[in-house]
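Q: First the structure, which I've put down as C-alpha cells, then a few questions once you've had a look.
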C-alpha cells in the first residue's frame, strides 16, 4: 500500500480511492463484529494517545474503543481543558510523547490547523489523527457519515444530501462536504440562517438554501447539525421555537424528502430545537447507526495510519 | 442458568438462591485468588463502562478491578459530576453507549431509580449494574457485606446483626437489609437518632432502636454507617463528640455484643465520630475484608449478568 | 536476588550495585525496544496504581506506559488534587488499596516523606514507588538522568556535572546528587542564586557556585532545573531576563563546558528563562533522551520491586 495514509488531518483533497478503501475496511470490521468478532489484534503492542484540548467524552470514548478493539494500549493524556497549549509549548508536548514511543496521537483542539502543525513538527513516525480542530475538520465524522449513507444508498452518483443548521461554524459539515464530494454525490445542499452559512467560495459545488422546505425536497439523506445555543443571537430568530419552525426537522417536513430519506445528526441532539423527538427516534433515524459506524471507521483509520 | 440475572439494580425481591449463587461464586473467586489465580478470562473481548454521575473513587476502582481481572476492557466515561443528566438526555447517552456495543454499564446516580430507568429504556442486551442510586440501593455493597458475614458466621438462621447510624438516608443499609432478610437472618436491628431512622413500614421485620447499648446486645455483626457531617443538624445532638457518645462504637460498647462480633463499615470511616480508632483497627474489625470481598462480589455479578 | 529492592522511596544510601543493576536493566529494555520488542509480560496479572496527590501528566503517563509495557493493569486512582490526605486518612486509603490486592502503588505527594510513611504502614507486600515527594526525592528522575549520562559518558570517575537553578526546592536535584555520588562522579557542582541554594551540609561533597560561567567550566553534563516562576521573588533578580542572563543556558555559555557537554532538563522547559531555545533544541540537547529513558528506568524499577 504505497499510497496509504500516514496521518488523517482532513478529508479535503483526499483521493476517492483512499476514502473508499477506508469505508470498505470499516464495513468489513462492522461485518466481523456482527458475526461475533469482538476484538482484533492488529495493533497489539502499539500505544495510542488521546490528546484532547476540548472535552468530548463521546468522541474520545469512540476512539478509545476503536483502539482497544484492535488490541492497542490507550492512554488518556489529561492536559486539563483550561490549557491553551500552542506554539512551542504544544510542540514540546508532542516531542515528549514521541520520545515515549507513542504510535498514534488523536488530537482535538479549538484552533484550526493544530493537527497539521503537529504533523509538520513531528520528529518520529507517530501518526496524527484529527478528532476535530476549530471550525475546520472532523474527518472521522465525515467518514462515518459517508459510511452510514453508503450502507443504505450505495450509489452516490444520484445522491442528494441536505445539511441543515449552523454550517458556518461546523467542522462536521466541512468534512461531510469533502467526503460526499469525493464520493461523487450528485447534489449537496446547505441550509440555515444566512448568518450561519459559509462563504460560497468555501464550499464550491454546494447549493445554499435559506428555505429548509425547499432544501429538503427530494433529498435522500438529511444531516441536522447541533445548534450551539450561544449562536442563536446570530440567527435573527427570536427564540428556539422560531428556529425550530424554520430550520428544525419534524415529520411534516421530512415527508418532502425522498421516501426513506435517512435522518442523521452528529449528536448529542437538542430535541425540539433542531430535531423533533418523534423524528429523532423514528424509523428513518440513522443517528445510532452513525454512532456504531463511528467506532468501525476509527478502527479502519487507526489500522491504516499505523500500516496494519 | 435459565433464571440468571440480566441486570443488578437492587437486591429487593431477589430470591435467596440467586443471592446465594452470587455469594458462592464470589467465594470461589476469592479462593482462587488466595491460591494465586490473579486473572480469569471469562470476559475477554467484553467492554464494561463506568457511568458515574456521583464521584466515588473507591467503588469505581473496585468495579474497574473486578472487570479487568475477568479480562474485560474498562472505559471510564467521564461525564463530569456537574452533569444532572436525566430523562431524554440520559437515555440518549444510554443509546449512544449501546450503539458502541458496550456489554455492561455500571451506573451511579443521585436519583433513586435511575438504574431501572436505564433497564427499561435499553434497546440492546446491555447489562445494567447499580453502583448506588440516591438513598435507595447499593446492591453490591449488600452482597459484599453478606459475604463477609457468611465467611465468619455461615448459618444466618441464628444471626443477629445491628446497623447503626443514618439508616434513613443510607442505600447501604437498605441493600444490607434486603440481603440479610433474603438469607434468613434471625434479627436485623436498626439504630440511630429518631430523625435518621426510616419509616418502619419501609423496613418490615427490622427492629428499630434509639439506644445503641441495647441494639448491640448479643449481636454477631455490627455495621457502622458513615455519618454525613451535613446530617449532624438533624440529630439533635450538639456535636460529633455527643454523637459518638450515643451512637459511636467503642471498645466498651463492643463488649456488649456477642463474643467475636464482626465490626463492619462501608468506608471511608470517620474515626472518633462513628467508630473509635482502636475498634476500627482492632482484631474484630472486618472492614478491610469487606473491601477485598467487594472486588470478588463484583466479579461474580459481572460474570453473572454477562452470562459467563 | 536477596538484596533486591522492595520499594523505591529515595536513592539516598542506595548501594552503587543496586543503582547499577537498575540502570543495566533499563538499558537492556531500551535495547530490546530498539530491536522491536514493544511489550514484555513480566508483570502480566499484576495491578499497578497511580496515586497522585499532585498533578503531573508527564510523570504519571511515563509510569503508566512503563507498567503497561510490562503487561500490568494500571489503575489511575483519581483522588482529586484538592485532597490533602495525610495521617490516618492517607493510611486508610493505603489499606483499602492493599485490600484490593494492588501489587504496586506509585505515589506523588507534596509532603516530603509520604512514601516512607506508606511503606511503614503497609500491611501487605505492596511495593511503594516514589514519583516525587515535596522537595525531597524523585528517585526515578535521578535514575533516568544517570542512565542518560552513562549512555554518553560511561565512566563516572572523571565526570563533572553541573546542576543549575533552584536547587534548594528541587527533588530532582537531590535525587540526581544521590545517583551521581553513588556512581562515583568526580565532581558535582550546584549553581544558582544564593537564596535558592541548599545548606551545604545537606549536599556533602558538592561544590556550590553563584557564578554559572565558572560552574559550567569543563562540565560534561549540565542539568538545568525548571524555574518555578513564583520563586523569582527570592532570587533578587529583577526579572526573568535578568535571571536568564545570570543563570540561563545559552550557546555562548555552553561553549565554556567540555566539548559535547550533555544538555539536560527534567522538563517541561521554560524557553528563554532557564534555557535558550537553540540550546534546548540543539545537537547537544539530551532532553528527549531523558524522556525516553524515563520509561525504561520505570520499567526496570517496577520489575525489580515486584520481584520479576
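Here the Cβ of each residue, glycine as well, is placed from N, Cα and C on the backbone.
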Q: Per TrEMBL, which of B:30, B:108, B:246 sits in the carbamoyl phosphate site along with B:58, B:59, B:138, B:141, B:267, B:268?
A: B:108
Q: Listed binding-site residues are B:59, B:138, B:141, B:267, B:268; which of them have CA atoms within 10 A of the CA of residue B:226 (L-aspartate binding site)?
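A: Among B:59, B:138, B:141, B:267, B:268, the ones whose Cα sits within 10 Å of that of residue B:226 (L-aspartate binding site) are B:267, B:268.
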Q: For a quick check of understanding: among the binding-site residues B:58, B:108, B:138, B:171, B:226, which residue's Cβ has the most other Cβ atoms within 10 Å?
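A: Going through B:58, B:108, B:138, B:171, B:226 one by one, the largest Cβ count within 10 Å is at B:138.
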Q: Do you know offhand how many angstrom separate residue B:268 (carbamoyl phosphate binding site) and residue B:86 (L-aspartate binding site) by C-alpha?
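A: That comes out at 28 Å between the alpha carbons.
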Q: Which three-state DSSP class does residue B:108 (carbamoyl phosphate binding site) fall into?
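A: In three-state terms, residue B:108 (carbamoyl phosphate binding site) counts as strand.
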Q: Taking only same-chain residues 6+ apart in sequence, whose CB is under 8 Å from that of residue B:267 (carbamoyl phosphate binding site), what do you get?
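A: Looking at Cβ-Cβ distances below 8 Å from residue B:267 (carbamoyl phosphate binding site), excluding near sequence neighbours, one finds B:58, B:226, B:287, B:290, B:291.
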Q: Go through the binding-site residues B:59, B:138, B:141 and tell me which ones have a CA within 10 A of the CA of residue B:171 (L-aspartate binding site).
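A: Checking each Cα against residue B:171 (L-aspartate binding site), the hits are B:138, B:141.
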Q: Test of understanding: give the count of other CB atoms lying within 10 angstroms of the CB of residue B:86 (L-aspartate binding site).
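A: That number is 14.
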Q: Just the number: how many Å between the Cα atoms of residue B:59 (carbamoyl phosphate binding site) and residue B:86 (L-aspartate binding site)?
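A: About 22 Å separate the Cα atoms of these two residues.
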Q: Give the sequence-ordered list of residues that share a chain with residue B:141 (carbamoyl phosphate binding site), lie 6 or more positions from it, and have CB atoms under 8 Å from its CB.
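A: Listed in sequence order, they are B:132, B:171, B:172, B:175, B:176, B:266, B:294.
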Q: Using a Cβ-Cβ cut-off below 8 Å, which of the binding-site residues B:59, B:108, B:267, B:268 are near chain C?
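A: Cβ contacts with chain C under 8 Å: B:267, B:268.
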